[in-house]
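TrEMBL has this to say about the protein:
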DOMAIN    374-505  domain 'Fungal lipase-type'
TRANSMEM  20-42  transmembrane segment
TRANSMEM  54-81  transmembrane segment
TRANSMEM  93-119  transmembrane segment
TRANSMEM  131-156  transmembrane segment
Amino acid sequence: MPGMVVFGRRWGIASDDLVFPGAFEVFIRIIWWIGILVLYTIHKGRFDCPGGTVLHSYLVVLLVLLAAIILSQCAIVYVSAQGTITNPGPRRSIPLLVCVRFLLYLPELVWACLGAIWVSDDSRGCEPAGVTAVICAVIASWIIVFFTGIGVVIVFDPLGSQRHSPAQYEPGPRDLESSDSAQLLYTARSLAVRVWESRLRLLCCCLPQDDSHRAAFSSIAQLFSGFFSDTDLVPSDIAAGLSLLHQEQDKVEQCRDPDDVVAHSPSSPIREDLQTELERAAHCMQFAVAAYGWPLYVYSNPLTGVFKLSGECCRSRSAEYDIVGGDHLGCHFTSILHSTGLQYRDFIHISFHNQIYEIPFFVALDHKKEAVLVAVRGTLSLKDALTDLSADCENLPIEGVTGTCYAHKGITQAANYIYKKLINDGILNQAFTIAPEYRLVITGHSLGAGTASILAILLRSAFPTLQCYAFSPPGGLLSKALADYSREFVVSVVLGKDLVPRLSIPNMEDLKRRILKMVSNCSKPKYKILLHGCWYEMFGGEPDDFPTELENRREEELSQPLLGEQSLLLHHSPSYQSLDSEESPSHVTHLPLFLPGRILYITEDGSPRRSCFSPVRYRAEWSSETAFSSILISPRMITDHMPDVVQRALQSLTQDRPFSLCPSSLNNSHLNVI
């Protein structure tokens, strides 16, 4: 539901978010109250020390004050648990109760100060138990006040001022012609951009504030402010919507016939081609993993990794280390040698220089496959994350490609940086001088996969035989024309429910639409949704039987803002424009971006709720970009993206070979499944 309005402003918390924190405080306060009551009962009539009269009065008033606080907090918890996410009517008294609870902080603070004064001045001669109780009460009061202040800071919304609220002054169609209304909207949007930019600067305070970083902060802030500007959801609403959506997706998956195979019209219909590409991908994956350097090597080898690297990291460097840049201790290079099995002489260039739009990579001679191999590192730093988040579109004209050519801005700039290094610095020329008969192979994982794909497109005209293997590339990467062009030389490998290959602005808008649809149609209180969702994520079980379709309401009505706290939309939402006609170009608010090349999709075979000790079996098939047009909510959406997990899946398919070709593929010549 919309954020709660208290003290004349909107906060980043809803009126049904007070159940859990309120119940926890009630639990602490009751224990506190019982302890004080027991102490008072034991010492009743024995307050004969010099400050005993004050101590007696202090304990009596403290009991009364704690009882009032407990009652007010119980009322908040009870009222907050009423209604549903989009039906705040039963919770209309929450702002008043919150004000009452806030007023009770004043006497509590005063009494804590009086208790501290009594302990310091009048507690001499009194029983130690009574003095200790007062000290504990004073400390507990200050601790609760401190954490309450931290909570207020967390839920404070800089855009929540009712005096300048965009929702309050939302103009109609005719008002848009007014210069005052246009100025109001412009001011509100500018304020939102500035707030998001300030948040990014605070989050990235350790980074230098140069021109490139300021430009990135501004671009990302505009993206975030635009994405969140049309909804009035608080974080707990999003969490509840994700839980509902995950259970809904699981119900659909359980109802699907396991023998059904979806036709993806792959580019390569020969089964042998699939197995060949799997073997090549498994070989390239070790270089994509090695590009991460020592952090991933130690993570993948927790028992032996540190010992293998410690003996070589800090020793004196030989002349061979002249090819290494940005690796001051040599740990990255040492881990690459262990991961790939190559020798010093096999490396042409290694760079661990890392800035925004400038990511590490290395160039080596892969004698086993007779290839000059370029491996690009994925996201491993805050600067890499800023490159990822610079998700605007940038023109990428390629000679010979018909259609509109554009790509992810941050990744395109990273690819251009490596392209200039490879060409202008003569790195590739040096490599092919040593091995002129070798072909060029480019690889990477995550951010490295996206960069490798665009780099392959840039180098394609100069190296017609090059191949690119992109592991878990970001979904919002290439325009349709470039994605189709890259099918000839790029293979993308995606594992399971990996979030990143499905992550694009249109998919995020679709996810936002689905969340709004789920929460607006759910008839249960939010605290029950979150409790069941946590249990479901941790222990499994059957998905809850929540409604999945709107009842007695048309989908079009969601684009019409309701009045007051009922509204989940501040204005006509771009994410809901697609409900009218999803295929209409006039409803496209963001340019569509796709995965690069042919898509090799790997999934687990069998139940996703298997035991931790059960062997994992995988299947692989050629897929298409339409299979990644929506985000799948799952606990594995992050783990399936990890490079070591992808590497194990590829090794299982190419080395262990736990099973042969699936029967379904034998009956469908247009599908390749292993």
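Using N, Cα and C of the backbone, Cβ positions are placed for all residues, glycine too.
TrEMBL does not curate its annotations; it predicts them automatically.
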Report summary line: Counting only residues at least 6 beyond its ends, the same-chain positions whose CB falls under 8 A of a CB in the transmembrane segment (54-81) are 15-19, 22-23, 25-26, 29-30, 32-33, 36-37, 39-40, 47, 90-91, 93-94, 97-98, 100-101, 104, 107-108, 111, 114-115, 118, 122-123, 126, 130, 133-134, 137, 525, 527
Report task. May I have the DSSP-based helix, strand and coil counts for the residues of the domain 'Fungal lipase-type' (374-505)? Result -> 58 helix, 28 strand, 46 coil
Query raised in the report: What average pLDDT is reported by the model for the domain 'Fungal lipase-type' (374-505)?
Result: 93
